[in-house]
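Reading through the structure tokens given below for one structure.
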Amino acid sequence: MKLCVAFLLVLVILPSVIGGKPSERTLSGATRRGDRRMCLSLGQRCERHSNCCGYLCCFYDKCVVTAIGCGHY
């Protein structure tokens, strides 16, 4: 348990120690810019592969699961 807490503490503190800057694509950054795009779930209407969540592809205007990936459509 103590090891887990120590590991999480290191992950939280490490970026500030090494001078890491927060990414532009953080949730707070996206909210500030009004960029509130959300991915679409299985069966929802889409226009392109990037509209669909994770492993889903846009095929015939719907987000679907494919066996061969999105690049083949």
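Even glycines carry a Cβ here, placed using N, Cα and C.
Note that the coordinates shown come from a computational prediction; the quantities given were computed from them, not determined experimentally.
For Cys70, the cysteine that Swiss-Prot lists as its disulphide partner among Cys53, Cys57, Cys58 is Cys57. Of the listed cysteines (Cys53, Cys58), only Cys53 is recorded by Swiss-Prot as the disulfide partner of Cys39. DSSP assigns Cys39 (disulfide bond) to coil, not to a helix or a strand. Between the CA atoms of Cys63 (disulfide bond) and Cys57 (disulfide bond) there is a gap of 5 Å, rounded to the nearest whole number.
Between the alpha carbons (Cα) of Cys58 (disulfide bond) and Cys70 (disulfide bond) lies a span of roughly 8 Å. You'll find the Cα of Cys53 (disulfide bond) roughly 11 Å from the Cα of Cys46 (disulfide bond). In this structure, the disulfide-bonded residues under consideration are Cys46, Cys52, Cys53, Cys57, Cys70, and the one with the smallest number of other Cβ atoms within 10 Å of its Cβ is Cys53.
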